[in-house]
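**Q** What follows is a structure written as structure tokens; I'll ask about it next.
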Ligand code: F6R
């Protein structure tokens, strides 16, 4: 979590850093700060709250004239959100200023030594300890700042992306990375550094992604990359960014979440673009072509992810078993990384992540590699840590997702897993998938963008429902088979955006305990399309109504029956059973969005959250 930005070059640093922080605010937003090097000393401007709070400092423009600076937007790990704990952090003597994304695990033992040497600390953060450690080494050695930082890093354990400036070397910025992402943008005699490429895109398309264990020194308009162990990296790979700046803007919508919900007809089409080979009843993925032999030998699959991405994995689990006959299990990345899972080299690992930076998922991939497993990824952010860590992968291609609550990435994740299940099913002869069955599914799949469009046309009906249900304190979200996952995801969406307590589960599970909570103040949303589970879902509805609970049903267009036994009905177009969750996600996203707006919440940035969770 946390976002860092740095600028060194001929422009004024403040506007570049401020705009960069706004782009990275999704990574954390409990405090923000900017440090500028001005007339041989550091000026640090920081404040609890959102990035916009920093604009209070811009009244005196002269104050903000420096051409070198670093900035940070925070998601608290050590120390409460406050002005004091906000980054950047200065060392005691004011020689060093630093911003940091990550956690220094051994900071307490280092702090103890520094306190013994007379250092005083103004914050509760691990970062200030690193600033003072760097200053201390600088005092006792005669080497340049990049070497000082390298020596300091040899003493710390944990995860970090850091930017360091030294007041005695005004033309130098030091960057280092272990476990947290960092990208360096290369301009004309200027450099931009950030946690991801979004603050850089409007300035340059040429970027270098630092690898774990690497550090960069930007000095006199030159960039030198080496490892923290001191090995020079010659000719680092320079990527060309493809994202367009308009993709990062709201495009006429009041909030990013609504924009991203409405982008789904396009994002679903983009997910499939160039990948469906209808006449062969198959799917092709460029990123998997070289791995066909290993993929054929996979006889079990572990899906690993967190949050929304994990819920889409539950859809994948059913699809891999149904279409490819591959026994599949879904694991929290955080658990797989630490428990003794019974896997072998014929078990494939599929990691799913929008950001490609989720630490728990990344840890699971590293563990799987140790166990000799083939690791695959479904990732949205190109060049992200997970995308680079896995052996082979598939990109969602849905463009940047900015709202903290995942929407367009989640429908794409579910869709890609069903496509992958078809791909694997078609290559397996024993329990494989016939061409005609695959063709039938693919044809239905191709209709999804148009069906999503139909749902979005009825957004106003959901807006009305939001007004009706906004004041309830609890909800159940229910579904069966593929829609258990949809119910769980719908529940997460509503709880994280609206701060209402919501539980998502299998409709049948209700009567094994949770039904005791049902009364007139406890509504239930049930996903009950016309499918193999329809009659069972109808029984669940009756059971809830018999206990006085209000019911909203999501059912298939044209099925009027539920209007008689529920309080409200949301219609989604008919499709195959395995594709219904992709459509069912959409009205639940809209409901979460509109209820949260009704309740006056900051929908794009719900409290206590951050979009990419780069800490364990
Ligand atoms: C909820 C949400 C989160 C993420 C989770 C994993 O709306 O977005 O639950 O799904 O933090 O993030 P990624 O997909 O970036 O690994």
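Along the chain as shown, the residues are counted starting at 1.
Cβ coordinates are placed from backbone N, Cα and C, and glycine is handled just like the others.
Please treat TrEMBL annotations as automatic predictions, because they have not gone through curation.
Marked as domain 'Glutamine amidotransferase type-2' by TrEMBL: 2-221. According to TrEMBL, the active site, nucleophile annotation covers 2. What TrEMBL records for 291-430, 465-606 is domain 'SIS'. Positions annotated as active site, for Fru-6P isomerization activity by TrEMBL: 611.
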**Q** Taking the Cα atoms as reference points, how far is residue 611 (active site, for Fru-6P isomerization activity) from residue 2 (active site, nucleophile) in Å?
**A** 10
**Q** Around the residue listed as 'active site, nucleophile', how many other C-beta atoms are within 10 angstroms of its C-beta?
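**A** For the residue listed as 'active site, nucleophile', the count of other Cβ atoms within 10 Å is 29.
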**Q** Which number gives the other C-beta atoms within 10 angstroms of the C-beta of residue 611 (active site, for Fru-6P isomerization activity), all protein chains shown included?
**A** 24
